Structures are given as structure tokens and as C-alpha cells.
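According to TrEMBL, the protein has these features:
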- E55: active site (ACT_SITE)
- H54, H58, H64: Zn(2+) binding site (BINDING)
- 218-229: compositional bias 'Basic and acidic residues' (COMPBIAS)
- 1-125: domain 'Peptidase M12B' (DOMAIN)
- 210-229: region 'Disordered' (REGION)
Amino acid sequence: MCRRQYPNEVCNRGTAGFAYVGGACVVNKRLEKVNSVAIIEDTGGFSGIIVAAHEVGHLLGAVHDGSPPPTYLGGPGAEKCRWEDGFIMSDLRHTEKGFKWSPCSVSSFHHFLNGDTATCLFNSPHEDESLPRVLPGKLLSLDAQCRKDRGTSACFKDDRVCSQLFCFDAGSGYCVAYRPAAEGSSCGDGQFCSGGRCLAEHENIIPDYSQNTPTYLRRSDDPDNRGRF
């Protein structure tokens with residue numbers, strides 16, 4: 001992702017999203033600056049879904065787990081929640097915790113939503129505008145998601161994809177995971193991903209939708225002894 005806020009800035013390939021902490025509802029007309037937006041990168045294979053959740057968390061007042069609150073916003077911050085625990089406001093999302101908010105994030109949301117800044121969020125919803133109920137993983141196969149991400153195919157097609165989608169990287173000979181498969185993706189015969197878990201199709205649950213450090217695995221490695229993640 002690239003930005004041109006300051007002279008001589010370069011692109012950061014490891015950044016897939018950007019948002020202002022506590023930026024929801026913030027519009028500074030004098031400075032002609034709008035903070036109530038997030039920028040998300042998506043490859044076309046739903047790679048931006050979990051990033052979008054992370055950035056919306058920032059807009060609603062959550063900092064990265066393990067970090068203090070910003071001075072301009074106050075609140076509880078997240079120093080009591082470890083980055084390594086791998087909740088949404090971390091980028092070490094290797095388990096189903098990566099689909100959940102840490103207790104610190106939830107406390108930050110409470111603080112932000114109880115402040116004067118958040119009043120624009122209390123508008124009445126449009127009840128006649130229903131959201132589509134087709135999960136994204138039903139629209140693209142695991143191989144199709146990897147083709148969008150890396151131009152290759154999925155290394156595994158079992159329950160592991162629900163927390164980490166490993167795609168083959170031709171340059172290194174490794175299987176690389178940056179994110180989970182999209183919700184609804186197949187994780188076995190008659191099974192689909194939901195909230196980081198692999199469920200049977202008859203458990204037709206529409207989940208609550210509550211960065212990017214890659215992990216590596218050689219394609220030929222024993223999956224039960226794959227070393228460092």
C-alpha cells in the first residue's frame with residue numbers, strides 16, 4: 001500500500017489497510033480532512049475481509065493489542081491484552097481467536113461509543129435493506145482464492161484453511177499463509193469454514209463478522225511437525 005502524505009514516502013508491501021484510531025464520525029472541515037474512512041487492499045479473492053474488520057476496529061477506538069491508548073482519545077487501551085494471543089487487533093491471527101475481539105478491544109469500543117464523538121453512529125438503521133446471506137467462500141474455491149492472492153493453488157483443503165489458507169509460492173517453494181480462507185470455504189467433504197472452525201454443512205450458521213505477517217511451510221513438510229509459524 002502506498003500513500004503520499006509526506007514527501008519521499010515509499011510503498012509498504014506489508015500494509016494491507018489503513019484507518020485512524022477513533023476516526024469514526026470525525027470530519028474536520030477547517031483542515032478539509034475526513035478521518036471516518038478506512039482504506040483496504042483486496043486481491044479480488046476476499047483477502048481484505050479480515051483486514052477490513054481490523055481497520056473498522058481502529059475507527060471504533062481500538063488500538064493494537066499490547067498498545068497504550070492514544071493520548072487524544074484516552075480510554076483503556078490494550079496493554080493488558082497480548083499481541084501474541086492473536087485476536088483481530090493483532091496480525092498473528094493463526095487460530096479461531098483471529099475472528100474474535102480481545103477483551104481490550106471490547107472495552108475500547110465501549111469507551112468510544114459512550115463518548116460524544118460517536119453520536120453519528122446512532123442513526124436509525126434501514127430495516128428494509130437486508131444483507132446478502134451467501135458467504136463469500138461459497139463464491140470462490142480455495143484454489144481460486146489462492147490464484148487471486150498469489151497466482152497459484154491451495155496447498156491444503158482441510159480444516160487448517162479455516163484459520164490459515166496456505167498457498168504455494170513458486171519462487172520460494174514454500175506454502176505461504178497471510179490470512180484465513182473466506183467464510184463459507186470448503187474445508188472437507190460436506191464441511192465449511194465459519195469463525196475459524198470447520199463445521200458440517202448441516203450446521204448452517206451465519207457467523208457474526210466480528211496484518212499481515214506471513215507464515216511459512218514447505219509443501220513437502222509433515223503438517224503435524226511444521227515448525228515455526
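Yeah, the Cβs are placed from backbone N, Cα and C, and that goes for glycine too.
For the domain 'Peptidase M12B' (1-125), the predicted model reports an average pLDDT of 91. A sphere of 10 angstroms centred on the C-beta of E55 (active site) encloses 22 other C-beta atoms.
Here the binding-site residues are H54, H58, H64, and the one with the most other Cβ atoms within 10 Å of its Cβ is H54. According to DSSP, the secondary structure content of the domain 'Peptidase M12B' (1-125) in residues is 36 helix, 10 strand, 79 coil. Each residue contributes its Cα atom, and for H64 (Zn(2+) binding site) and E55 (active site) these two points are 10 Å apart.
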